[in-house]
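To start, the structure under review is shown below, and the notes come after it.
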Amino acid sequence: MNLSEIGYRRVVVKLGTSVLTSGSLKLDKAHMVELARQMACLMKAGVEVVLCTSGAIAAGKEHLGYPKLPDTIASKQLLAAVGQSQLILAWSQLFSIYGLHVGQLLLTRADLHDRERYLNARDSLNALLNNGIIPIINENDAVATAEIKVGDNDNLSARAALLCDADLLILLTDQKGLFDADPRKNPDAKLITEVQNIDDSLRMLAGGAVSGLGTGGMATKLEAADIARRAGVEVVIASGHYKDVIQNVVCKKPVGTHFTALEHPLESRKQWILAGPKARGQLVIDAGAIGAVTEKGRSLLSKGITEVKGLFQRGDTLELIDTKGKVYAKGMSRYSSADVTKLAGKHSDSIEEVLGYDYGDAVVHRNDMVVL
């Protein structure tokens with residue numbers, strides 16, 4: 001690899017189940033060897049690599065001889081517990097061929113929700129990278145419940161990119177990238193090679209495109225790309241079976257769909273608000289508040305709130321939505337749901353009179369808010 005061609009310093013590579021199994025019921029070890037070789041080449045060239053890998057449940061099924069288990073959460077957790085050890089063993093053996101060590105990080109939403117745990121995870125990730133060790137990240141499916149799951153490794157990889165301050169996220173799948181129509185149904189579908197803005201039309205386009213296996217379709221990849229690019233991370237969605245795909249992407253060759261990063265990325269704390277805490281509730285806001293928040297960069301005042309959804313405490317993260325459910329922003333509330341219910345529609349100067357105390361004029365301050 002020509003060092004002068006490399007355009008990145010730190011790269012997160014996400015491998016979906018469909019890439020690791022090549023559409024079969026077991027891990028495709030031959031293809032994993034090839035992927036490990038490409039990542040090892042990057043490491044040897046001075047590019048730090050973080051691997052976000054799916055495939056634990058598939059590996060568990062294979063190792064146990066495809067047992068007939070009930071379709072329950074406990075069965076999936078069993079398979080994940082067995083399969084994760086096999087998955088990390090396989091990657092460890094493959095990277096050892098190139099004299100490289102790996103370190104395992106299993107995360108849940110809870111690790112990202114709490115600011116202190118988020119920073120601890122970041123420190124662990126950076127410690128591995130600073131010592132030339134390849135971090136291998138997966139969701140901790142053996143213990144994760146619906147409440148604490150990130151949900152898919154596309155979004156987990158985007159959060160990993162934020163954690164380690166990567167400048168490129170590569171999402172490898174069984175598709176060549178994002179198309180302007182479903183290529184399986186429309187032979188005239190064209191690959192979208194460059195995306196500079198993710199809007200509702202693009203989200204609708206990705207909504208029906210699903211990868212062959214795993215929990216992540218094209219819609220989740222678009223969500224991941226949006227999170228990453230807001231933090232200044234470039235994103236590429238490409239086929240995991242394209243020859244030398246990882247090296248070609250890192251050398252900025254025209255492969256897959258490239259998402260440009262925002263010119264002015266979010267600062268660290270707002271990155272955490274965007275990617276870390278799960279929203280505990282929603283505030284329905286009127287047109288005036290939507291304009292003030294999204295166009296003028298102002299805080300959300302109680303006057304603009306028309307409805308409170310969910311139960312939350314002071315400091316919890318909320319979504320700001322319109323009456324149709326469209327999300328305009330995400331931020332941390334200075335008041336509990338009980339408080340906001342009392343304050344909704346009222347002027348800020350009446351807060352102390354209504355509640356008997358005052359945490360400030362804004363329900364969600366602009367410094368604690370990310371506009372989407």
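Any Cβ shown, glycine's included, is placed from N, Cα and C.
The shown structure was predicted, so the numbers you read here are calculated from the model rather than taken from an experiment.
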Candidate from Ser54, Ser239, Ser268 that Swiss-Prot assigns to the same substrate site as Asp141, Asn153: Ser54
DSSP state at Ser54 (substrate binding site), helix/strand/coil: coil
Secondary structure tally of the domain 'PUA' (280-358) (DSSP, helix then strand then coil): 26 helix, 23 strand, 30 coil
For the domain 'PUA' (280-358), the mean pLDDT of the predicted model: 97
Which of Lys14, Ser54, Asn153, Thr220, the listed binding-site residues, has fewest other Cβ atoms within 10 Å: Thr220
